[in-house]
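Straight from TrEMBL, the features:
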REGION    1-32  region 'Disordered'
COMPBIAS  7-18  compositional bias 'Low complexity'
TRANSMEM  53-74  transmembrane segment
TRANSMEM  86-109  transmembrane segment
TRANSMEM  121-141  transmembrane segment
TRANSMEM  147-165  transmembrane segment
TRANSMEM  211-233  transmembrane segment
COMPBIAS  244-267  compositional bias 'Basic and acidic residues'
REGION    244-284  region 'Disordered'
Amino acid sequence: MRPLGPSQTTSKSKNKTVTTEDDSGQKKIKPKKSTWEKVNKYLDFSLFKHRGFLIYLSGNVIMFLGFFAPIIFLAPYAKDQGIDEYSAAFLLSIMAFVDMFARPSVGLIANSKHIRPRIQYFFSFAIMFNGVCHLLCPLAQDCTSQVLYAIFFGLGFGSVSSVLFETLMDLVGAPRFSSAVGLVTVVECGPVLLGPPLAGKLVDITGDYKYMYMACGAIVVAASVWLLIGNAINYRLLAKERREQSARKTTRESERLSKSKHSEDVNVKVSNPPSVTSERETNI
């Protein structure tokens with residue numbers, strides 16, 4: 001037989017709850033997290049309200065449209081210029097070798113005390129250097145000039161790659177960095193996948209690789225200009241917000257000091273009341 005007692009009923013509501021029991025035996029009711037809250041725990045969508053993050057993301061979306069196509073078409077372009085197949089493939093090895101040493105070297109330079117406070121500008125100029133290399137690529141007509149292009153291309157590619165995520169952490173901070181990387185990677189998949197096919201379509205239409213390199217260079221330079229202007233505006237707004245915040249803090253501290261002084265004056269007056277002469281002293 002079941003013991004007599006009040007029957008336990010559970011009320012259904014829109015907000016589901018989870019009942020847990022702690023060490024003391026008391027039951028605690030915790031609201032059950034929704035699917036959106038679980039997703040937002042790993043991907044912080046509030047970053048889309050972050051001004052610096054939006055500038056970084058939009059600039060990278062523009063940049064990645066023309067960032068990888070020059071690598072893919074480097075060997076075909078060299079063969080189109082009359083370079084043999086072995087030498088054309090060797091250009092990729094030269095670029096990769098330079099990129100391998102450029103990444104740690106540029107990373108050390110970017111972390112120096114003079115560049116680190118303005119690493120966003122350094123990132124913009126690295127992208128601009130990469131775009132200028134692509135714009136000058138059509139001038140490379142022989143094997144020697146192609147090797148020079150591969151060297152400078154590897155240097156520019158390594159410079160951008162070395163500070164790509166470091167600039168993101170500088171904007172959003174370490175606690176939100178993992179979510180920011182996830183969101184940036186998801187959004188950047190679009191231009192990374194669309195860039196090379198569009199470049200190949202341009203080659204099919206024009207019948208020449210140089211127009212593709214010029215288009216990619218123009219896109220990358222446009223992205224660098226966008227990031228340069230956007231970060232300059234962002235730095236100015238951040239400095240203005242810091243000044244306003246410090247001014248408000250100073251005002252609150254001055255008001256607190258004035259209130260404390262006023263209360264001290266009142267306490268002094270109450271503790272020292274005016275002396276009243278007695279009737280006997282007055283008669284005397």
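Each Cβ is built from the backbone N, Cα and C atoms, and glycine gets one as well.
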I'd like to know if the transmembrane segment (147-165) touches the transmembrane segment (86-109) in this structure, counting it as a touch only when three or more C-beta pairs sit under 8 Å and are separated by 6 or more positions. yes
Select the range from 121-141, 147-165, 211-233 that forms the most Cβ-Cβ pairs under 8 Å with the transmembrane segment (53-74). 211-233
Stretch-level contact, the transmembrane segment (147-165) and the transmembrane segment (121-141), CB cutoff 8 A, at least 3 pairs: yes
